[in-house]
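According to TrEMBL, the features are:
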TRANSMEM  B:6-23  transmembrane segment
TRANSMEM  B:35-55  transmembrane segment
TRANSMEM  B:61-77  transmembrane segment
TRANSMEM  B:89-111  transmembrane segment
TRANSMEM  B:131-152  transmembrane segment
Amino acid sequence: MNISLMVSGTVAIVTGVILIYQFPFEFVFITIITTIIGIIIGVIFGALFDYQTLLTGYINGLMIGLMAPMIGAAASLNMMFLLFIEIIFIFSLFLLAFSARHT
Amino acid sequence: MTAFLIGNFMLNGTVGVLLYLLITKKKKIFADRYGMVVAMCGSGVLSLHLAMLTVFLIPDYFIIQVLFALGIGAFIGKKFGSLMKYQSLLSGLFHGIIGGIMGMMLGIVILNPSLCGLPSASLNSLQDNMLIFTVFGTILVIMTGSLLYYSLKV
């Protein structure tokens, strides 16, 4: 449950910010694509255990995927923000591997 | 457009009531964790979509939007959360209110994209955007409802 929550959230937020930086005129389709990517990542990582973790990853990827292009648009092409988000993403993947090895 | 939005509001409310009745019928099989997951999923998506439709329907009065959207979110969260025990009520209430706030934010940004630094939309594309987001939200609500209904059988 914790793995699906964390991975779907961080992947959805990174995807939304990068896509809205690249295509700032297509807000609607970027939101839909980011939501679908968040849902797919949450379902893939949640399906590792059982159906309830699948639902948890699904709902978290959906919500953060809907919100991520908005914060990317509000940051208005600031590269420090993108770097910060990428560092958080890589750090969370590192923590994921660390916690998977030590349980 | 207003008739379409009101019809969509009633459609989604019907889906929510139907889901609630279907889950209530089988609440003997609930475990503790399952009640929490049902409260998270149902109240989150439903209150998000209904709050977005509220912003589209009443675009001018901010305080009425806040009261209505948060009231709907808290009500849905309370209903879905108190199915099993009163522990999952906390999870349901929290996700209902979060969904209401996020739906309001989404609706306000769609109505006025220059709020986020996006290029502002003309009147035609504004109606197109509202239509696309309403249909997409309906698809999400129906998908979540069918996933939750399927989870009763697994």
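Note: Cβ is positioned from N, Cα and C throughout, glycine not excepted.
Because TrEMBL annotations are produced automatically, they should be read as predictions rather than curated entries.
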- Query: Based on Cβ pairs under 8 Å, which of the stretches B:35-55, B:89-111, B:131-152 lies most in contact with the transmembrane segment (B:61-77)?
  - Reply: B:89-111
- Distant-in-sequence neighbours of the transmembrane segment (B:6-23), which means Cβ under 8 A and at least six residues beyond its ends: 38, 42, 46, 49-50, 53, 57, 76, 79-80, 83, 134, 137-138, 141-142, 145, 148-149, 152
